[in-house]
Amino acid sequence: MSWAFLRDLLSGVNKYSTGIGRIWVAVVFMFRLLVYVAAAENIWKHERDEFECSIKQPGCENVCFDHFFPVSHIRLWALQLIMVSTPSLLVVFHVAYRENREKQHNRKLYRNPGKIDGGLLYTYLISLILKTGLEIVFLVLFYKLYNGFKIPHLVKCDMKPCPNTVDCYISKPTEKMIFLYFLVATSCLCIVLNLSELSYLIFKYSIKCYLKRHMKKEQ
Amino acid sequence: MDWGTLQAVLGGVNKHSTSIGKIWLTVLFIFRIMILVVAAERVWGDEQQDFVCNTLQPGCKNVCYDHFFPISHIRLWALQLIFVSTPALLVAMHVAYRRHEKKRRFRNGEKIDIEELKNEKIHIRGPLWWTYTSSIFFRIVFEAVFMYVFYYMYDGYQMPRLVKCDAWPCPNTVDCFVSRPTEKTMFTIFMLAVSGICMMLNLAELCYLVIKICMKGSRKTT
């Protein structure tokens with residue numbers, strides 16, 4: 001069980017997506033998942049070992065690290081990737097449900113079970129709203145937990161058992177900051193893509209609905 | 001999930017590339033991605049652990065390392081490979097869109113052989129020519145940008161053995177020693193050389209495509 005599972009899930013979702021949805025999948029693969037696995041994970045690999053405080057008091061480093069990094073950036077990043085990809089499962093389940101129904105009744109109930117219309121449209125819209133909501137939640141969480149997206153070189157810690165205020169040094173703060181900004185930029189891009197897809201679908205189906213009603217009235 | 005997925009995606013694009021494009025793809029996989037994963041990552045693996053400064057002052061090593069290596073070579077290469085591979089996705093999407101259109105026409109009644117559709121080699125003509133050419137152009141731009149970023153960030157392509165650091169909290173100017181500088185320099189020069197080769201392949205492909213379309217145009221007019 002690894003990121004390959006997520007990759008397969010997203011490939012499955014790709015079949016039932018709109019054009020913008022496919023661009024979203026590509027952005028998530030290339031600029032988020034691949035960057036995470038190939039580059040970002042290694043930066044945060046030894047973050048605890050390389051966190052150094054200017055004191056020999058046993059336990060001080062542990063306590064300070066825990067105080068300043070309640071949940072590591074890299075773990076939040078991984079959680080964000082998983083949560084943001086999961087709403088697409090709703091669409092996959094709905095299509096599977098439709099196909100199952102067709103099998104049970106042994107006749108064609110839908111013109112095309114994978115086409116986004118009727119109930120599937122609402123499922124798709126809900127999945128888009130959930131995706132966008134989760135992206136925003138994680139960005140806000142990052143911002144609130146770490147007071148912005150900056151990583152300082154040095155933090156001053158005065159938790160027990162540290163005897164006084166000690167200086168603690170974080171490893172590779174610049175590199176971590178660069179990748180954090182990259183994460184924020186790709187999250188924002190995904191939010192923009194989701195919102196465009198949402199507007200596009202709402203617009204398209206409103207026009208369809210309106211035209212249908214107009215034609216009915218004429219008849 | 002690793003470079004394997006990228007390989008699968010780009011392998012799909014390979015079918016619709018020119019011969020030079022296929023050579024570029026091979027060079028990318030063998031001499032860049034494989035070297036990165038199999039060799040370069042090991043060389044840079046212990047970079048901060050083995051970065052040693054001539055002081056016992058806590059925090060000095062961290063600060064000096066961060067000052068001299070704001071972003072590690074290995075991460076820059078990974079980003080370069082990702083950015084350079086991304087334009088090929090545009091081509092893959094365009095091809096997929098064309099196939100989708102053909103399938104739609106088939107469903108609407110036109111007679112098209114499904115098997116032939118799956119194995120069809122889509123020729124680089126019309127809008128696809130523009131997509132393909134733009135993707136090559138962007139590849140060249142990204143390669144050049146990253147090569148410049150490397151040069152600018154590290155003052156050339158050589159890894160020094162010793163750096164002198166006087167960032168706070170280091171008490172004075174301290175000597176800090178980089179681990180495996182020669183090996184790192186050799187890999188840097190190797191990656192630079194292969195980037196250069198890839199750029200030349202892309203330029204050649206671009207010229208080939210432009211000349212081909214000009215010749216076709218002149219044949220039509222005569």
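Placed from the backbone N, Cα and C atoms, the Cβ positions cover glycine too.
Remember, TrEMBL labels are computer predictions, not curated facts.
Over in TrEMBL, the protein carries these features:
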DOMAIN    A:42-75  domain 'Connexin N-terminal'
DOMAIN    A:134-201  domain 'Connexin cysteine-rich'
TRANSMEM  A:21-39  transmembrane segment
TRANSMEM  A:77-97  transmembrane segment
TRANSMEM  A:118-143  transmembrane segment
TRANSMEM  A:178-203  transmembrane segment
For this session: May I ask which of the stretches A:21-39, A:77-97, A:178-203 has the most CB pairs under 8 A with the transmembrane segment (A:118-143)?
Result: A:77-97
Problem set entry | Model confidence over the domain 'Connexin N-terminal' (A:42-75) (mean pLDDT, whole number) | 90
For this session: Give residue numbers and ranges for long-range contacts of the transmembrane segment (A:21-39): same chain, 6 or more residues beyond its ends, CB-CB under 8 A.
Result: 3, 6-7, 10-11, 13-14, 77-78, 81, 84-85, 179, 182-183, 186, 189-190, 193-194, 197
